[in-house]
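Positions annotated as domain 'Sulfatase N-terminal' by TrEMBL: 318-597. Under the heading transmembrane segment, TrEMBL lists 40-60, 87-105, 117-137, 163-184, 212-230.
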Amino acid sequence: MSRGFTAWAVKLIREQGNRIAGAVELSWPRFSRQLSRDGSFWLVSILLLTLYRLLFLAVFSTRIAENSSWHTIWQSLEIGFRFDSKVATLALVPSFSLTLISGFIDWEHRTERLRLFMGVLFWGCIVVLGRIAIGYFKEYDDLFNQWLFGLYYDDPSAIAKTIYAQYHVVLELCAGILLLLVGLRISRKVLARPLLPDHLLASLTRTTPSRWIFFSLVAILLAGGVRGSFGSRPIQLKDSAITRDGFLNKATINPFVALKYAIENHLETIEGGNIHCYLPTNDIEQAVTRATGGKAEGNIDNALKRYALGVGSQAPRHIFLIVGESYDAWPLQEQFAPLGVTNELRALAKDGLRVVPFMAAANGTMSSFGAILTGMPFSGIMANYQQSGLTPYPTSMPEIFRRLGYKTRFFYGGYLSWQNIGDFCKHQGFEEIYGGADMALGGERKEWGVDDEEIFKFAERTVSDDLPSFNIILTTSNHSPYNVDTQAKGFKPPELPAELQARFAGEENLKHLGHLWYADHCIGTFARGMEKRFPSLLVAVTGDHFGRWYPGGRVGFYEGVSVPFVLYGPKVLAGKRLPDNVAGSHKDIAATLIELAAPRGFMYHALGKNLLAPSPEFLGIEKGRAITADYLLDLDGMVASPLPWSREHGSPPAMAQVVQKHNDLLALALWRIRWGADILSAKTGPQS
């Protein structure tokens, strides 16, 4: 029986083998026909990506720097083509794989169907991703980046309502469907045609040597296409910085490439951040010493210890730190004073103190707020989602003020579930936490919460004088879809001088100006009202990030990163002044406020500086940027730009030293949040 079964198996294998062998027939004509149509697919893909880039440049043409020439634009397009070729070649891989098989088996029909499917899919992705990318850039002044995934933690209902209110969703959906139908029709026609006529390709590859030469040339082109380069290395993100125009550099990246890098950055953040980009050697002890001047001795927190100098005049009984949504600093510049939209904060700064060279910790609300709260710069890792954030960091501002005897409260006009902000604030030392649901009192709650005036009214009702208090107020109204009826609140469109009329014309600009005025009006009204109740108060005002809107669209380097930092409290600040060389960022707020409230010798932990104390060096830090009294530094592009008011202090700071300081501070913050204070245990720290 076994002998019979063996014979049957051998016979079956032979029959199937002969069947396959009969089907396999080397056919250069089949292969070349399909390859020529693959060439059409690649060319159409490149054309679509190029049309998207030209549309992108046209939509945001006002962002192109005035000194950018046609040659500069051409450089941007050239690098963009290399990124596009990489995407187009990768999109070609599925159909090219079947093209190779078609050289052995008659799969031409399958190959053509797959190519049509990939063509329509690619067209659809360009339409959808391209539209999203343009909207995203309009909002965030950047292509897809790590902030894209922050939307996952946001309130989906609020996001949906904002999108519906700001965009013509139904109209755009209909337009998108129409474009997809057009794409299907065009793809059917174009992708069925060869790049080169079949008879011409056949005549060029009649002989075996010519076929080998042709096939080798195709292999070289595919390798160059998928690498975006014929050089020693493939094209990389750093190659996008080809010009001195930051906008054109961003325009070199197509949505597919931007999404790829955004995903990679997000995965790094989930895994705890890529500390090696700050600290290649993993030598955290040395980084701590360089960043703080202290010794870690096996524990980071040892180097962060500070002892308060002592209150010079009067300690504040009530402290209000107001973090304004999208409250940037450019409206405070003198050239924009005629707008009248920041009169309240100007008055507070005039009667108090203002750090002008000051910038946010990050480009997003939660990233910046986390840096303010924890006293550590944003290094790419979200502390509000880390295990270490379940207990107060030693640098946590509310926890330190609680130790000082202050009642700690947090007021947020939005929803406390957003970005886990309610629980995070509780874990970091706030004793009382209030959200929009506590403030609405049956009134209207909008996409992102209640209007600013409701937040401040609630804070006024809540804060009493029975105990000293430390309060952080995070506002919401200066945010898309900008739906506060500001004129009903008292906003009057300004009568603009001629030099500002062109830049601020139009309803869209007026809407933004109205919301700036409203945010400023609410802050000023609250500060003056609370001063009458609590004469020994201290009010501090900053913004969470640049507001992502600038008149005329062409935002300057300083205007695109700066936020205010204003201190107001006549009794508390009496006799105090800022050092001439002062500069700072969100990481410095904690130390500054603590030193205004703590008795002499009080021990606390901080990574930032007291901005009221003289120092030979002040340095504000944001990931990839730094600011001094006279210069703003782009650490990725290695460019130092003098600030608008820059005094003649000679050359800018040494770039290498600033980069080292920046990297040390961010490495320290990342390590402390991700792996804790202990740096001796073999179980802590990243793997080399």
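Cβ atoms are placed via backbone N, Cα and C, with glycine included.
Because TrEMBL annotations are produced automatically, they should be read as predictions rather than curated entries.
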With Cβ distances under 8 Å as the criterion, find the stretch in 40-60, 87-105, 212-230 that has the most pairs with the transmembrane segment (117-137). 40-60
Please indicate, using numbers and ranges, the residues of the same chain that are 6 or more beyond the transmembrane segment (212-230) and have a C-beta under 8 Å from a C-beta there. 35, 42, 82-83, 85-86, 88-90, 92, 96, 204-205
Rounded mean pLDDT within the domain 'Sulfatase N-terminal' (318-597) lands at 89
